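For reference, the structure is listed below as structure tokens.
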Amino acid sequence: MVQMSTSSRKALVFVVTFVSYGLYHASRKSLSGVKSSIKADWLSNTSGHEPLFANEADAKHFLGSLDAIFMAAYAAALFFWGWLGDRLNPKYVVAAGMIGSAITLTLFGTIPKWLNFYHAPYYVITYIAFGLVQACGWPSEIAIMANWFGKGNRGFVMGVWAACQPVGNIFGSIFTAMVLPLGYEYTFLLNSVLIAVGAIVVVTAIDSSPNEEQEAGVEANRIRLLRRSNSNEPHHNFHGEPISLFKAILLPGVLAYCICNACLKLVNYAFFFWLPLYLTDAYHWEESQADQLSIWYDFGGIIGSVLGGYITDKMGKRSPLIVAMLICSIGSLYFYAHVGPYMFWNALVMTTVGVTVSGPYNLIVGSISIDLGSQPALAGNTQAMSTVSGLLDGTGSAGSAIGQLFIPIIQDDLGWKAVFYVFMLLNGFAILAILKRCIIDMKSLRKLRSGEESPLLNDGEGGEHED
């Protein structure tokens, strides 16, 4: 086998993890992109089955419940997989989640249509399972990236890498629009095949850390020595020991960003789950048109993620820019609620919403996850990364799960504009959650400019100050 240089191996890790988590997100787009079609199928009896629901409102509420169920299962599993990811080889956790996603996605969206089998409990059970295995991805992907990429330009590197989420959404929407004319069940099947292939690539193409083979050999020798000596002494790990969820949430900055992400992820995932249906319901555009138009939100997310990472690297702090973007998001959400049925303007303002909502979300779950998981308070312990990132994203997913239950209720009673006003309020709460962190960081930046503070002490969200 040809030996690759370290830089080539890092590039391969970046590409493979980027694509693999993009496939995770593309698979989640399967349902959100076909809600109108699957709702019509549930209400129809032309296929020889009784309608699953009596009216459109019930079907829409069930779709909202499925989104909430997915996010609740995803949130609960993130805490577990984040904890386990620091104790197992993370690439195998990633691959296991991809295979599980392929199986459960096919069971949910393809099998019922093929077998003419429509039962609400079946949909609930299979979508819970889908949420549980989807949670394997993010914490372990973050751990792999943290192993390979150090502090230098971390914000820019992770800003580019975290764009795998909106990129996955874009391709998921494109796949859906392309395959939808064949039947909505084939959108689930295509995404299942792609993510299963991706799992094979993850296992065979990359190492979880630059020294994975060496570390595996050291661990095997350690186990053999322990068996020979029957020693009960705890093993000292040079890289530290995994930490508990309780210890993780007490780390400086973690709780504040967990609360912020709980609000922000609700808004971000509301666009993820409901944007195509909103465009179809509000403006009566065709579902394939709505799927294609919705990708402008994700393009905005890419711009916000990459530029945000680059700018915060130059600044040396991340929270001031995140707060500024969230303030702008309130205005962009207001304009989007009133933009009207004009595709050009809708796409333009939608892109702005993506920059100011999806952009800071990607920064928080990407760059800041690594910042918080490698801060000075951990004293060089590298075995906490997956736990911290799982906690941060899991808290956000829990908030998002609650939100998905209320969105269809608010929309039915008060209309879509009211939904956007709720999003504006939530982003206001997200700002308040990290406002103290932002003020501390801004004071630190002023001291740095005046020469009162050494730039060597400027560790971004590293946590020189207690929150």
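Cβ atoms are placed via backbone N, Cα and C, with glycine included.
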Quick test of your reading of TrEMBL: among 277-294, 295-312, where does it put transmembrane segment? 295-312
The transmembrane segment (92-111) and the transmembrane segment (419-439) contact flag, 3+ Cβ pairs under 8 angstroms: no
Between the transmembrane segment (343-364) and the transmembrane segment (254-275), are there three or more CB pairs that fall under 8 A, provided the residues in each pair are separated by 6 or more in sequence? yes
What residues in the same chain, six or more past the boundaries of the transmembrane segment (419-439), come closer than 8 Å to it by Cβ-Cβ distance? 253, 256-257, 259-261, 263-264, 266-267, 270, 319-320, 322-323, 326-327, 329-330, 333-334, 336-337, 357, 403, 406-407, 410-411, 461, 467
Give me the mean pLDDT over the domain 'Major facilitator superfamily (MFS) profile' (13-445), rounded to a whole number. 84
Sort out the residues at least 6 away from either end of the transmembrane segment (343-364), same chain, that have Cβ-Cβ distances under 8 Å to it, and list them. 155, 158-159, 162-163, 165-166, 257, 260-261, 264-265, 267-268, 271, 279, 283, 293-294, 296-305, 307-309, 312, 318, 321-322, 325-326, 328-329, 332-333, 335-336, 392, 396, 427
Stretch-level contact, the transmembrane segment (384-407) and the transmembrane segment (156-180), CB cutoff 8 A, at least 3 pairs: no
